[in-house]
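Quick notes on the structure that follows.
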Amino acid sequence: MTTNRLQVSLPGLDLKNPIIPASGCFGFGQEYAKYYDLDLLGSIMIKATTLEPRFGNPTPRVAETPAGMLNAIGLQNPGLEVVLAEKLPWLEREYPNLPIIANVAGFSKQEYAAVSHGISKATNVKAIELNISCPNVDHCNHGLLIGQDPDLAYDVVKAAVEASEVPVYVKLTPSVTDIVTVAKAAEDAGASGLTMINTLVGMRFDLKTRKPILANGTGGMSGPAVFPVALKLIRQVAQTTDLPIIGMGGVDSAEAALEMYLAGASAIGVGTANFTNPYACPDIIENLPKVMDKYGISSLEELRQEVKESLR
């Protein structure tokens, strides 16, 4: 009964539970496999993959903030070829039944399409998360500009959707005046779902050096501090589209996960909490049925339908 009440079905994804480690906070799964059986998870969003290898931004790239953290990693990754030859085969060999969501990033419409096409051919990749909202990449902050401009977003999403062999979920940035317009552009371009929110943009200063702590200057802010912002934006988008939303942004407990459902999410991404507690995801999964019992929630699917009806 516990298994059934946590099950989630989304385009391309039939999940035993809704808890998914967020991209950038879980590597390619190998680090956390030392702590627990990854088959406990609903899915994994692997680290962002670009066409060519990226070394990322100069250090320091991480800074602590009250109730959260800043990061300016800069999409460090080994590139598509290595991900296809090493990272995804390892996951398929060790966890053949675990559906993978591949995070795809790029610097042009053509690159997004090429990476989406290549990575979607991996048999364990069941969906793509299209990163059009990373705030830390050079090239005129191109990723952020795509996520802010509905026309650019439409073009990139359409190219990725046409190139991919699996459903495409679009990751939305909160750094926009009207997030609904970008969400609708993604929907019109053929996206199967949305993930939100990506990090806010922030910075910290070192009082001794009088300079920013991060070498990049600014970084993406995540953690519990952004949770209320995520809830508000998810609710705003859920009121205007029927696309399923994988909600993320500060989730660190079963209670927070259920709040995401009340906002309009259909599954849950867990990010920064993995750094403070490597068992964050299995802990949330274990606690979900207890918290659901406490608040009279029989199943997540029933809750999702109840919220969906209330938003109409």
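Each residue's number is its place along the chain shown, starting with 1.
Note that Cβ sites are derived from N, Cα and C of the backbone, with glycine treated the same way.
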*Return the residue out of Lys47, Lys109, Lys158, Lys232 that Swiss-Prot annotates for the same substrate site as Asn71, Ala72, Ile73, Gly74, Leu75, Asn131, Asn198, Thr199.*
Lys47
*Among Asn4, Asn103, find me the residue Swiss-Prot lists at the same FMN site as Ser23, Lys47, Ala48, Asn131, Lys171, Ile197, Gly223, Gly249, Gly250, Gly271, Thr272.*
Asn103
*Between Lys47 (substrate binding site) and Ser23 (FMN binding site), how far is it from one CA atom to the other, in Å?*
5
*Ala48 (FMN binding site) has how many other Cβ neighbours within 10 Å of its own Cβ?*
26
*Inside 10 Å of the Cβ of Ala72 (substrate binding site), count up the other Cβ atoms and send me the figure.*
27
*Taking Gly74, Gly249 as the binding-site residues to compare, which has the smallest set of other Cβ atoms within 10 Å?*
Gly74
*For Ala48 (FMN binding site), name the DSSP secondary structure in the helix/strand/coil scheme.*
strand
*How big is the Cα-to-Cα gap, in Å, between Gly74 (substrate binding site) and Ala48 (FMN binding site)?*
10
